[in-house]
Structures are given as structure tokens and as C-alpha cells.
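Q: Mind having a look at this structure? Questions to follow.
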Amino acid sequence: MNKPLRNSHPLFKIANNALVDLPAPINISSWWNFGSLLGLCLIIQILTGLFLAMHYTADINLAFYSVNHICRDVNYGWLLRTLHANGASFFFICIYLHVGRGIYYGSYKFTPTWLIGVIILFLVMGTAFMGYVLPWGQMSFWGATVITNLLSAIPYLGMDLVQWLWGGFAVDNATLTRFFTFHFILPFIVLAMTMIHLLFLHQTGSNNPIGLNSNIDKIPFHPYFTFKDIVGFIVMIFILISLVLISPNLLGDPDNFIPANPLVTPAHIQPEWYFLFAYAILRSIPNKLGGVIALVLSIAILMILPFYNLSKFRGIQFYPINQVMFWSMLVTVILLTWIGARPVEEPYVLIGQILTVVYFLYYLVNPLITKWWDNLLN
């Protein structure tokens, strides 16, 4: 009997094993939709970004006006730009929910998949930061100045590293040009890393909401989960387009409508909303180098999760105290996001410091509580 083309063609076979005949656990919930939603976000960002790059000019005298030109003169340029800017917000919403799902259900036990995922998170954050600089508004310029300046905290190499990154003695034309270059290339690197992420995931198969081995009870990915994913696509695209058409600048910063001026500092420099929790952690450490280390650790600490796994069950579905701690940590991150947008004054500074300690404590106390709970049940 002849095999279907999808099983015999060397190229189609790869896609078939990843998207059609992939055995998937029968009980995975909507929390497992965010992986495919992230793929959709990445495709939207690459396509809209490609068309924006055709009309954008990476020059400090022209960048702001080229973005203005895109919005005013290019056919549907306003739509491309607002889709791209708000698409980034949706990308981060999906990433944070995806990571949160991974922490809750113990998906970090797939060590290589998890580590690649954290690297992808770092790459996406770098891409988004550089993209924010490109319109060359006030917040773009000052955000770039403040964040790149953090590298000067590195002992011995700091200042040289900053000047090398800037391509001069200040954020200038060379900085904008290289940021545009990296902003263009990084999404394709993210795409390649995503392939590796999936490759590692498909070695082990997906986790599921009860955290048990589901090999005896699996169903093909298509049609069951392809349709389930399409429902997720429709919901996300509906919300994204509603935001883009009703309030496209809701998540942006008003300061970025002012062309960059090195002589005027904005009253309150802050990044986009999806970086505010990390920015609050950075600001809560009085020492510059300490702040930079805390900033990097706020994401890098996710990498330690696979290595200190002490629990008998996968995930925290069966650990009530850990569930309370998990949701408390989520509230902590939301409060840190709020603090990051507040001015540097009391009581915000103290609240930020307390929340930072609580945030990092979660990763240290959580495995100990699971161990204690397991001993209690013995």
C-alpha cells in the first residue's frame, strides 16, 4: 500500500511529525495553546516588520519622520505600525503566560527545552528593546541611553563596552544603525531557536495538566489540536485587531511622539510596560552593578528551576501551599510592573525593594515547601 505523501516525502515528513501525526496528550488544556500563539505572534511580527523596514530610514535625522511618513502616506502603513507595536505587547503577554504555565505544571523538567526557552526569552527581550529605539522619539533615545549605560557597571571593561556598543561617545547615528540591523536579524535567530525548542520538546512529548506519563492515552495533533489552536488564533487576532483599531496608542508612551532631543530629559524615563517588572527590580538595588546583576537574574533565575527539583509530583497541582505561593508571586510581578512606572520616591522605592526580595524568595522557598509537603504525606 502506498503511503500518503506526508509520510514519504522527506520534507513533508518533518512537518507531518511535528504538526499532523504528532502524538499529543488527550487532556492538555487551553494553557497549552500559548506555544502556537507565540508562533503566530512571531509570524505577525516578522511580516509586519518586513514591510515597515521597506519604508523606514535608520538615520537620526530621518528616523522619526520616516515613521511619521509610514503612518500618514504609506497605504495601510498606520495599520502595519500599530499591528507591529501592539503585536509586541501580545507577544510578551503570551510569553509570560507560557512561562507561568511551565512553572505551574512543572514543564521545566524538560531541561533542554526549558533552557532553550529562557534563551529565546532573552533574545525576544533584546529584540523588543532595540525595536523601541527605532522610532527615535524622546523615550526611544533616553531609554537607549539609560539601558545601554548599565553596561558601564561591569568592572574594567564597562566604559569600553558601552562606547563599543554606541559606536561613539554617546547614543548617536551609529547606535541607531546597528540597533536597526540587530532588530532585523534577531527575529530570524528567534525563529531558528524556536525550531530547536520544538525539536527538544518532540523528543520527550508534551507535559499535561496532571503531570503523569500520558503515553498510553495520546491522540494525533491534527485535527484535534490544530482546531483547538485555530480557536486560540481567532480569539487573539480579534483582541489584537480590536486594540489596534480602537486604541492603538494605549500601551505606548506619549513622550515618544516628541522627536529625540539629547538636551531635554523626560521627567520619567521608563521602558515599555512588559519590561517594567524587571526595571523595578533594577531600580530597587541602590548599587549600579548590583542592579544590573538583579536585572539579569530576574529572568536568568528561571534557568535554575530544572536543577533543584525536589518534588515527587510534577508541577504544583498537588501542592496547595505552593499554589498559594505561585499566585502570590504572580501578584508580586504585577505590583513590580506598577512600581516600575512610578517615580523614584518614597514609598515606591521601599515597596519595590520589598517586592524584589519577595520575587527572588519564591524561587528559593518553593522547592523547600514541596519537599516539606512530600515528607508530610509520607
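Here the Cβ of each residue, glycine as well, is placed from N, Cα and C on the backbone.
Quick paste of what Swiss-Prot says about this protein:
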TRANSMEM  34-54  transmembrane segment
TRANSMEM  78-99  transmembrane segment
BINDING   H84, H183  heme b b562 binding site
BINDING   H98, H197  heme b b566 binding site
TRANSMEM  114-134  transmembrane segment
TRANSMEM  179-199  transmembrane segment
BINDING   H202  ubiquinone binding site
TRANSMEM  227-247  transmembrane segment
TRANSMEM  289-309  transmembrane segment
TRANSMEM  321-341  transmembrane segment
TRANSMEM  348-368  transmembrane segment
Q: At an 8 Å Cβ cut-off, counting only pairs 6 or more apart in sequence, do the transmembrane segment (348-368) and the transmembrane segment (289-309) clear the bar of 3 or more pairs?
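A: Between the transmembrane segment (289-309) and the transmembrane segment (348-368), which are separate recorded stretches, there is contact, as judged by 3 or more close Cβ pairs.
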Q: Please give me the binding-site residues out of H98, H197, H202 that lie within 10 Å of H183 (heme b b562 binding site), comparing Cα atoms only.
A: none
Q: What is the Cβ neighbour count of H98 (heme b b566 binding site) at a 10 Å cut-off, with all protein chains included?
A: 19
Q: State the non-local partners of the transmembrane segment (114-134) in its own chain: residues 6+ outside its ends, Cβ under 8 Å from one of its Cβ atoms.
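A: For the transmembrane segment (114-134), the far contacts come to 56, 58, 63, 67, 88, 91-92, 95, 99, 102, 107-108, 140-141, 143-144, 147, 175-176, 179-180, 182-183, 186-187, 189-190, 193-194, 196-197, 200, 271-272, 274-275, 299-300, 302-303, 305-306.
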Q: Can you tell me which parts of the same chain pack against the transmembrane segment (78-99), counting only residues 6+ beyond its ends and a CB-CB cutoff under 8 A?
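A: Hits for the transmembrane segment (78-99): 31, 34-35, 37-38, 41-42, 44-45, 48-49, 51-52, 67, 70-72, 117, 121, 124, 128, 131, 236, 239-240, 243-244, 248-249, 251-252, 272-274, 302.
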Q: Cα of H202 (ubiquinone binding site) to Cα of H84 (heme b b562 binding site): how many Å, rounded?
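A: Rounded to a whole number, the Cα-Cα distance is 30 Å.
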Q: Can you tell me which of 34-54, 179-199, 289-309, 321-341 gets the most C-beta pairs within less than 8 Å of the transmembrane segment (227-247)?
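A: Counting Cβ pairs under 8 Å, the winner is 34-54.
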Q: Going along the chain, which residues six or more apart from H197 (heme b b566 binding site) have their CB under 8 A from its CB?
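A: When sequence neighbours closer than 6 are ignored, H197 (heme b b566 binding site) has T113, I116, G117, I120 within Cβ distance under 8 Å.
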Q: Are there residues at least six beyond either end of the transmembrane segment (179-199) with Cβ under 8 Å to its Cβ atoms? List them, or say none.
A: 18, 38-39, 42, 45-46, 49, 53, 56, 58, 113, 116-117, 119-120, 123-124, 126-127, 130-131, 133-134, 144
Q: Tally every other Cβ atom lying within 10 Å of the Cβ atom of H183 (heme b b562 binding site).
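A: So the number of other Cβ atoms within 10 Å of H183 (heme b b562 binding site) is 21.
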Q: What number of additional C-beta atoms lies within 10 angstroms of the C-beta atom of H202 (ubiquinone binding site)?
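A: For H202 (ubiquinone binding site), the count of other Cβ atoms within 10 Å is 14.
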Q: Long-range neighbours only, meaning 6 or more apart in sequence with Cβ under 8 Å: which ones does H84 (heme b b562 binding site) have?
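A: Sequence-distant Cβ neighbours: Q45, T48, G49, L52.
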